[in-house]
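Asks: The following block contains the structure, expressed as structure tokens.
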Amino acid sequence: MSATKLTRREQRAQAQHFIDTLEGTAFPNSKRIYITGTHPGVRVPMREIQLSPTLIGGSKEQPQYEENEAIPVYDTSGPYGDPQIAINVQQGLAKLRQPWIDARGDTEELTVRSSDYTKARLADDGLDELRFSGVLTPKRAKAGRRVTQLHYARRGIITPEMEFIAIRENMGRERIRSEVLRHQHPGMSFGARLPENITAEFVRDEVAAGRAIIPANINHPESEPMIIGRNFLVKVNANIGNSAVTSSIEEEVEKLVWSTRWGADTVMDLSTGRYIHETREWILRNSPVPIGTVPIYQALEKVNGIAEDLTWEAFRDTLLEQAEQGVDYFTIHAGVLLRYVPMTAKRLTGIVSRGGSIMAKWCLSHHQENFLYQHFREICEICAAYDVSLSLGDGLRPGSIQDANDEAQFAELHTLGELTKIAWEYDVQVMIEGPGHVPMQMIRRNMTEELEHCHEAPFYTLGPLTTDIAPGYDHFTSGIGAAMIGWFGCAMLCYVTPKEHLGLPNKEDVKQGLITYKIAAHAADLAKGHPGAQIRDNAMSKARFEFRWEDQFNLALDPFTARAYHDETLPQESGKVAHFCSMCGPKFCSMKISQEVRDYAAAQTIEVGMADMSENFRARGGEIYLRKEEA
């Protein structure tokens, strides 16, 4: 925690400097590699961690070394992780998927925006200073066409996006030759299908079955294809966004870039303050990962924050606005039904979802059914025209462990299952949002209920938090639950930062939340037995046993913190080659002792072997050459 708190002006200036001087940056001793596919333009980025060799013998003057293989890892940082790419936030990222979208021939450019709100914003000269300069000309599906990845998958089409994902999910593990690195414990997958090698056909089949989604709006061509499904790597989402109280456009762009650097697979823009439209445009044009939103937040801003004044027309206009900007998935709270609201009256903490409480208030004030539920088919028609995935929101999720797994929570979940089938009628991709606050012994039921009632659509949960006693540490309390539910089959985990329940997260909070959740996701992949998940762990363990300190730092999820902690007590360069750390010192290091025991045992084996040979030699009479019949 910083010693001095920056003023708002200083925070904005710092963020502006960050994005003005932004360059592609690699992690220490890592380099960007690309693996190409068969489709034109399929060039999948990964980070390769370079390792130092292992000392295996020789003399001080002529040591002998054995090379250690470089470790390829999944990389969400996009162009920001490649030092060879020139970054210009004012211009945005290259449109990676544009040629693929155009080649399909099923979209058309819009000469006029569909949203009245967008038209008004574009006509307002007073916003010119805030506006992203290179506004994208939006596309939509041609009349009678659907442009979703689910639509293509159901027709047996393997898209470039699917091939890109197959290569990405394999994480370059085919490059690893060492048996030590390839060793992996069997997992317990709870019914997940985890093939040894992920093919583009497997990706297509999972999407076609609705078990996985590829969030990829045709108006967000800058994004690198990724997949969310329980038969793939567990993903992590980071939330950013301004509020009426704090944050600015430059700070949100900074948080976006920061999030992708630290492993966010998707980012949700939850802005509720001024200039939501303009902020989102900057984020989308500079995001290599899918962007999600909760459209009801902006719709509420359009009616001056009065939930009772919300209308379907205002909400529909917001969907069109965001779809044409390029939002990849919408959280829609269509399962908060009028008859479910009284079920929350017995709760300790009531309705804690912002979207859920907005819709509950609207339903009660009008005594009408949720207009998102009533107009759900129209929502699906919009999504099908732009390939916006639906994240069906858990507006009645528990906000305390006392309220976990109650009647209201599961009633809504069952409704989300009904809505999933409707969305699939329109070839719209769907995932299901989940809790919340759930003690450990009650977590697995959430997964089994979701699989059964939501037809194996991907599950996307906030945590869950396993205890309510640790404000300031809720990234820990929720990371425990996230690891568990990820193991049970949850496809994506929404991070929680140390500021949860306390305030809007800053850059450092975003990093802490992401590191915690990358640990949880990776632990879940290990427990499930995801092929190749253990390679990095094995490389780290080998480096640790061999006292290759630099490699230990570089293999870490956060190399900078690992190095800083080591250097607090052993800052000298000699500490980077020492066969001990400050925890135990040179005399009591268990790994150093283990090495000595191993070397001693090997020497003893040789000595015993030599003694046996000597005894055998004497027993045969001490002759140098044996007679032929004795040999």
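Just so it is clear, glycine is given a Cβ too, placed from its N, Cα and C backbone atoms.
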Asks: Starting from the substrate binding annotation in Swiss-Prot that includes MET268, TYR297, HIS333, SER353, ARG354, GLY355, ASP394, GLY395, LEU396, ARG397, GLU433, TYR460, which of ASN231, ASN239, ASN242 is the extra site residue?
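Replies: Of the residues offered, the record points to ASN239.
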Asks: Through the lens of DSSP with three states only, how would you label ARG397 (substrate binding site)?
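Replies: Looking at the DSSP assignment, ARG397 (substrate binding site) belongs to neither helix nor strand, so coil.
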Asks: Between HIS437 (Zn(2+) binding site) and ARG397 (substrate binding site), how many Å separate their Cα atoms?
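Replies: Each residue's Cα considered, HIS437 (Zn(2+) binding site) and ARG397 (substrate binding site) end up 8 Å apart.
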Asks: Restricting to the same chain and to sequence separations of six or more, state which residues have a Cβ under 8 Å from that of GLY395 (substrate binding site).
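Replies: Non-local contacts for GLY395 (substrate binding site): HIS333, GLY335, VAL336, ILE351, SER353, GLY355, GLY356, SER357, MET359, ALA360, GLU412.
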Asks: Give the residue from the binding-site residues HIS437, HIS501 that has the most other Cβ atoms within 10 Å of its Cβ, counting over every protein chain displayed.
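Replies: Output for this query is HIS437.
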Asks: Between ASN239 (substrate binding site) and HIS501 (Zn(2+) binding site), how many Å separate their Cα atoms?
Replies: 14
Asks: Where TYR297 (substrate binding site) and HIS501 (Zn(2+) binding site) are concerned, what is their Cα separation in Å, rounded?
Replies: 18
Asks: If you skip the near sequence neighbours and keep only those at least six away, which residues in the chain come within under 8 angstroms of TYR460 (substrate binding site), Cβ to Cβ?
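Replies: Correct list: ILE228, ASN237, SER391, MET431, ILE432, GLU433, GLY434, CYS490, ALA491, MET492, LEU493, CYS494.
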Asks: Among all protein chains shown, how many Cβ atoms are found within 10 Å of the Cβ of GLY355 (substrate binding site), not counting that one?
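Replies: Within a 10 Å radius of the Cβ of GLY355 (substrate binding site) lie 22 other Cβ atoms.
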Asks: Could you give the Cα-Cα distance between ARG397 (substrate binding site) and HIS501 (Zn(2+) binding site), in whole Å?
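Replies: For ARG397 (substrate binding site) versus HIS501 (Zn(2+) binding site), the Cα atoms are 15 Å apart.
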